[in-house]
Amino acid sequence: MHVEEKLTAETFPASPEKATLEGKNKFLGFWLFLGGETVLFASLFATYLALRDKTAGGPPAHELFRMPLVFVATMLLLTSSLTSVYAIYHMKNFDFKKMQLWFGITVLLGAGFLGLEIFEFNEYVHEGHVFTKSAFASSFYTLVGTHGGHVAFGLLWILTLMIRNAKRGLNLYNAPKFYVASLYWHFIDVVWVFIFTVVYLMGMVG
Amino acid sequence: MSTVARKKSLIWDYLTTVDHKKIAILYLIAGGFFFLVGGLEALFIRIQLAKPNNDFLVGGLYNQVLTMHGTTMIFFAAMPLVFAMMNAVVPIQIGARDVAFPFLNALGFWLFFFGGVFLNCSWFLGGAPDAGWTSYASLSLESPGHGIDFYVLGLQISGFGTLIGGINFLVTIINMRAPGMTYMRMPMFTWATFVTSALILFAFPPLTVGLIFMMMDRLFGGNFYHPAAGGNTIIWEHLFWIFGHPEVYILVLPAFGIFSEIFATFSRKRLFGYSSMVFATVLIGFLGFMVWAHHMFTVGMGPIANAIFAVATMAIAVPTGIKIFNWLFTMWGGNIRFTTPMMYAVAFIPSFVMGGVTGVMNAAAAADYQYHDSYFVVAHFHYVIVGGVVFALLAGAHYWWPKMFGKMLNETLGKITFWLFFIGFHLTFFIQHFLGLMGMPRRVFTYLPGQGFETGNMISTVGAFFMAAATIVLLINVIVTSVKGQKAEADAWGDGRTLEWAVASPPPEYNFAQTPLVRGLDAYWIEKMEGKKGLTPAEPLGDIHMPNSSILPFVISLGLFIAAFGFMYRTEASWGLAVGIIGLLITLGSMFLRSVIDDHGFHIHKEEVLEAEKGVKA
């Protein structure tokens, strides 16, 4: 199939993200990139686990973390992953308007998560948990902050795609782009599940 | 969407190119330049060590030269030269018209290039890094000035480039193979590139993380490696070697691939034990991730960890041994031609085996306490990296030179280069085994007379000058042949087996007028044996889709280059933060442009292809 072909709901292929060679390459290349990202986060997690008790006189994890706040943030991000699934569902059905709507909701939820994270970091700083305080603080902010940076980048990316394609609708050139952005968003979500467990839950317990 | 916009100046053409063949040439030139720089640094080291109590390079300056020699040779000479070979050959070997992501291919090159330039700027801006190429945190955190910051930021920039290159080749090899090119029909060099790319994908992120931590500690007040605030310097060692050991295989697997091609071509026999070669390559790639702590036996991890890593390390000798025997059996009964590339290949076997044997010696954890940090280790890794990788790069350069540039290199000069380099290499490094066993420590800038180190060091220095002479002969060869060399045929050596020898030298920008049908291992050899002149096409002649060139890869990389300067001088210069942010905005802005501007490429029309092909045949 050709990239610039005008398509209708009937002629739109079942897997538009893999209908062209460019799409196939993008699909596979992005999965591989996520493999590399996994190793990156694994290294950050390993370091955090090694340093999480090294507070150097600063506040320890169980005194800092506020479960209600983190729980709300987690729910926002998990829900945003679900809404991006709806967006891709509508993309596959060639329903551009509904796809945009659900991506819009995804972005709002993601922005809510990011806002809570900034609020949370701000609270910690006031309690003396600053980046330069201890090895625990450095590794905490680097791990959670790298994730937050990914969320911010993902938001800008999805927004850019939505605005750029707002007037021209779906085709086989931009379908792989939307699909890959949603893969990225799921990946961020999966990483957060681990952060929630390893950083927050384990931090609360001990 | 036509071919009009293709009359450009040479410089603009290379700044914006996304053609894998031109990117290969860029990698070759840039990597070659850094090879010369790293080589000069090596000569300075050897001059300083030629006699006891020498004062040519003393103390801190020696540390800088030593650090930059290692860093430059690994990251900015060997890696890009490997990428030069991959770019020049792999897409053609699998019957593809380009790589999967031509734009990213260019981006990978420019990131590497600006990273290397950034690192070398340190010489002119207050001093180079001085904590060794491994830059252990216990040393590097204490290093004054900005040397280590240049190392940390330069390697991050070029590391992104390498990672991008790895992903690109993985997708290219998985998705872009011509019809009939099954995995088990891929040439050995393509297989090596495939496994190497997977290693890059999983090995570079830990290095990036280690470098980010060091950047945080040195520039932003972090505490990852500061014991006083609870940090731990051993974390750097782990992260560095989780990258660093696979890196050794990232370099040497392509070398194995290059030699596999050369042995088969100049023995005029198919590679012996092809499937066991593939198996051994994959197994080495896998085991390469299981052995990093053998660099840290003396850290104090305890006998159990040391024993596990020792056994895993020794296990790698098995698949490597399989390869050595397969190469010997490829030559056995073959009709051997001793061309320059073949001489490197033959010399590689005993040289590399020696490096492998000392590797197993080092792997014995108990014995390693004796070898550790001595010249024995220096001798070992130069035997594997020079005897394996540099020999392969020199062999590959001679072997594929006609394919890349359309001219044969002079064989007589090539053989002079070989003999000078071969003799110089063994002269330099063989004696270092014994210096090490006699107790000479590595990384120390001088030694006292009367300890028995004089003769060995003098021999070693003389050997280094042989290698320098070899490099000069190679440069003369390049200049002479590019001025008046003999034009290369498509099948430049007459015995080509793989697809790259079926297309013109240098190949047209679209590589194949018609995508070939691959009918077995050594696809071109099969066609020749059946008396056919060219490849069997898999498609009718038609318009060929090509990617657009773009300046954005250059600008994205330039932005990071600027940002790195800004963030490095942030604390002491008022303009620092602003420059850092401007640099990042240039990078992100260019990425934004790349995202919003559609890029559909253009078509070369059937008639133009026919015309171009006629020109080649005539």
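Backbone N, Cα and C atoms are what each Cβ position is placed from, and that goes for glycine too.
Just so you know, TrEMBL annotations never went through curation; they're auto-generated.
The domain 'Heme-copper oxidase subunit III family profile' annotation in TrEMBL covers A:28-204.
Sequence-distant contacts of the transmembrane segment (A:28-49) (same chain, at least 6 residues past either end, Cβ-Cβ under 8 Å): 139-140, 142-143, 146-147, 180, 183-184, 187, 191, 194, 198-199. For A:28-49 (among others), the entry in TrEMBL reads transmembrane segment.
Annotated transmembrane segment per TrEMBL: A:69-89 (among others), in sequence order. Sequence-distant contacts of the transmembrane segment (A:69-89), counting only residues of its own chain at least 6 positions beyond either end whose CB sits under 8 Å from a CB of the stretch, comprise 98-103, 105-106, 109-110, 112-113, 116-117, 119-120, 151, 178-179, 182, 185-186, 188-189, 192-193, 196, 200.
TrEMBL lists A:101-119 (among others) with the feature transmembrane segment. Nonlocal intrachain contacts for the transmembrane segment (A:101-119), taken as residues 6+ away from its ends with a CB within less than 8 angstroms of a stretch CB, comprise 69, 72-73, 76-77, 79-80, 83-84, 86-87, 90, 144, 148, 151-152, 154-155, 158-159, 161-162, 178, 185.
The transmembrane segment annotation in TrEMBL covers A:139-163 (among others).
Annotation source TrEMBL lists transmembrane segment at A:183-203 (among others). Remote same-chain partners of the transmembrane segment (A:183-203), defined as residues 6 or more beyond its termini with a Cβ less than 8 Å from a stretch Cβ, comprise 30-31, 34, 37, 41, 45, 48-49, 52, 61-62, 64-65, 67, 70, 74, 77-78, 80-81, 84, 106, 110, 140, 143-144, 147, 150-151, 154, 157-158.
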* What average pLDDT is reported by the model for the domain 'Heme-copper oxidase subunit III family profile' (A:28-204)? -> 96
